[in-house]
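Listed features, source TrEMBL:
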- GLY130, ASP131, ASP132, GLU133, SER134, GLY135, LYS136, THR137: ATP binding site (BINDING)
- 113-296: domain 'FtsK' (DOMAIN)
Amino acid sequence: MRDQIGTRLELRLGDPVDSAVDLRLAATVPQVPGRGLTADKLHFLAALPRIDGDTDPASVADGVRSLVSMVGDFWDFEPAPRVRTLPAVLPADSLPEPEGDVRVAIGLDEERMQPVWHDFGDLPHLTVLGDDESGKTAVLRHLAQSVVARYTPEQARIMFVDYRRQLFDCVPAEYRLGYSVSADSTAQTVVDATAGLKPRMPGPDVTPEQLRRRDWWQGPQLFVLVDDYDLLAGHDSPLLPLVPYLAQGADIGFHMVVTRGAANVVRMSMDPLIRRMQETNTPDLALSCPPNEGPLLGNVRPRQLPPGRALLCTRRGGKLIQTAWRPTSELVGS
């Protein structure tokens, strides 16, 4: 990129040997803010970007704001559009209500500043990845509340796998199919879930029209929300009996959302459950992650991000979003 830029200014360097202009001249640049060298090997002194006459560098930001305000007051033409940035916190009630069967607005898109939807009818599953305190559990809370807002208890049930016990009161009891905090309780709840899912699998007598309408079975939609999957991952995971049903999730009303830590991303991708979810084109919501972990789905590189900020990764690439935040005091089950 440096070769494509015509104008180059080099401020004082910590080590003159790093100079791209002249290492001997670089050593003569005074240790004064704003002093440096031009590409023509001439010394320069940069001007402060202000017109109020104040020379204190500590108040440069105030001076720039004053300059911008004055230019705006005297500008008679259409101003440039304001640069919009993602908020640090995105209240869930600022997003549209869930709709359809079921589309959930999970956040705000940085590029268009429009809601980002996850359609469980089209993409029945979702994985969430991130460091501690990055917002993984908050995503599960928002999704659980969206299910409650869209469905009655007869239309949808939620199974929680929550070894850290952070989601117990996020939905009313009548929506909970089960709440598992250990391997034994998870295994029993999975037995109950698979008993309900197995009869829904389409057999040879199901017609193409029935497949389109998805009306050969009756019962509630099943949402399985798993927090901190790292605590139970592996070849002896009690969730493995659900793997055969993942590919048919949209057809049989089965939806799974799994959060996991940012460490050992490549190793975790070999887990049978995570691997099967990736094979079914499940999007990956990557919150703050160490840059050396990856690459992620769609060859996206992980990034250190503020809490709630995430890269929504698909096989086509990734886009930056701010995920919804719902204070625990506002949860229906509280």
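Note that Cβ sites are derived from N, Cα and C of the backbone, with glycine treated the same way.
Structure coloured by features recorded in TrEMBL.
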residue : record           : CB count, 10 Å
GLY130  : ATP binding site : 26
ASP131  : ATP binding site : 19
ASP132  : ATP binding site : 10
GLU133  : ATP binding site : 11
SER134  : ATP binding site : 26
GLY135  : ATP binding site : 26
LYS136  : ATP binding site : 26
THR137  : ATP binding site : 20
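Sequence-ordered, the extra residues of this chain that approach the ATP site, with Cβ no more than 8 Å from the Cβ center of GLY130, ASP131, ASP132, GLU133, SER134, GLY135, LYS136, THR137, are LEU287, SER288, PRO307.
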